[in-house]
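Peer 1: Taken from Swiss-Prot, the feature substrate binding site covers 8-15, 21-22, ARG60, 87-90, LYS98, 114-115, 183-184. Per Swiss-Prot, active site, tele-phosphohistidine intermediate is recorded for HIS9, and the stated evidence type is sequence analysis. Taken from Swiss-Prot, the feature active site, proton donor/acceptor covers GLU87, and the record attributes it to sequence analysis. Residues annotated as site 'Transition state stabilizer' in Swiss-Prot: HIS182.
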Amino acid sequence: MKKLVLVRHGQSQWNLENLFTGWTDVDLTEQGQKEAATAAQLLQKEGIFFQTAFTSYLKRAIKTLNIILDVMDLDWIDVHKTWRLNEKHYGALQGLNKKETAAQYGQEQVLLWRRSFDTAPAALEYSDARAPHNDRRYQRVARQDLPLTESLKDTIARIMPYWEVVIKPVLIAENTVLIVAHGNSLRAIIKHLKGISETEITDLNLPTGIPYVFEFDDDMNLCADYFLGDTEAIKKLQESVAKQSQ
């Protein structure tokens, strides 16, 4: 049995402030650090350990992974960081309050920007200081590959080649893999793994810091998927994520 574990980063400062974050590099809150430690304890309790982990270029995911590995005494394992696991780029929405944006443009429009399959927010201007090509962490990435906004469809196109060429072969070889990333980058992977439709993906909400386990047979057929933790508590957290723009 092969196990893939997905963890959305712990609560970030902009999660707490209910701001669109995207590729903005914000830190974890104290609560986010606690969520990461709790995720590690849940994995230990289940007896799930790793030799390889993957994360994004953004510190909220990197620090969540570091805490998990430290608590599990797995600081020595191989860690691969890639910009391809970054959050969906929210374009000109980055830094705006979700409720205030909903009040201005309507909840339906904001829901489309947040959760729909192929609707992207307004793009950043190329000259905007927030544009990824102005950030030195992306200096080795071709400029034409760096987004100024993204839909979930765009995010999937960015992530899935890396899944197929890099992550999936490691999972096949090692049987367990950990990915610590972001709500929409993980939704992209989940849509692929579960064959979720473009319409149904709108309703998938991932709470911060909760391990989501996928089990596969030796032929990489999906056998089961489940969250670790209290079912009712996780359901309430998912509902809270869904209501962020209300």
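Using N, Cα and C of the backbone, Cβ positions are placed for all residues, glycine too.
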Peer 1: Fewest other Cβ atoms within 10 Å: which of the binding-site residues GLY22, GLY183 wins that one? Let me know.
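Peer 2: If we count Cβ atoms within 10 Å for the binding-site residues GLY22, GLY183, the smallest count is at GLY183.
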Peer 1: Provide the number of Cβ atoms within 10 Å of the Cβ of the residue listed as 'active site, tele-phosphohistidine intermediate', excluding the reference atom itself.
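Peer 2: Step by step: centre on the Cβ of the residue listed as 'active site, tele-phosphohistidine intermediate', count other Cβ atoms within 10 Å, giving 29.
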Peer 1: What does the structure give for the C-alpha distance between ARG8 (substrate binding site) and GLU87 (active site, proton donor/acceptor)? Integer Å is fine.
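Peer 2: A Cα-Cα distance of 10 Å.
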Peer 1: Between GLY22 (substrate binding site) and the residue listed as 'active site, proton donor/acceptor', what C-alpha distance do you get in Å?
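Peer 2: One finds 5 Å between the Cα atoms of these residues.
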Peer 1: Roughly how many Å separate the Cα of LYS98 (substrate binding site) from that of HIS182 (site 'Transition state stabilizer'), to the nearest whole number?
Peer 2: 17
Peer 1: Can you tell me whether DSSP puts HIS9 (active site, tele-phosphohistidine intermediate) in helix, strand or coil?
Peer 2: coil
Peer 1: Quick one: of ARG8, LYS88, LYS98, HIS182, which of the recorded positions has the smallest count of other CB atoms within 10 A?
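Peer 2: Per-residue Cβ counts within 10 Å for the recorded positions ARG8, LYS88, LYS98, HIS182 bottom out at LYS98.
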Peer 1: What whole-number Å value do you get for the CA-CA distance of HIS182 (site 'Transition state stabilizer') and the residue listed as 'active site, proton donor/acceptor'?
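Peer 2: So the alpha carbons of HIS182 (site 'Transition state stabilizer') and the residue listed as 'active site, proton donor/acceptor' sit roughly 5 Å from each other.
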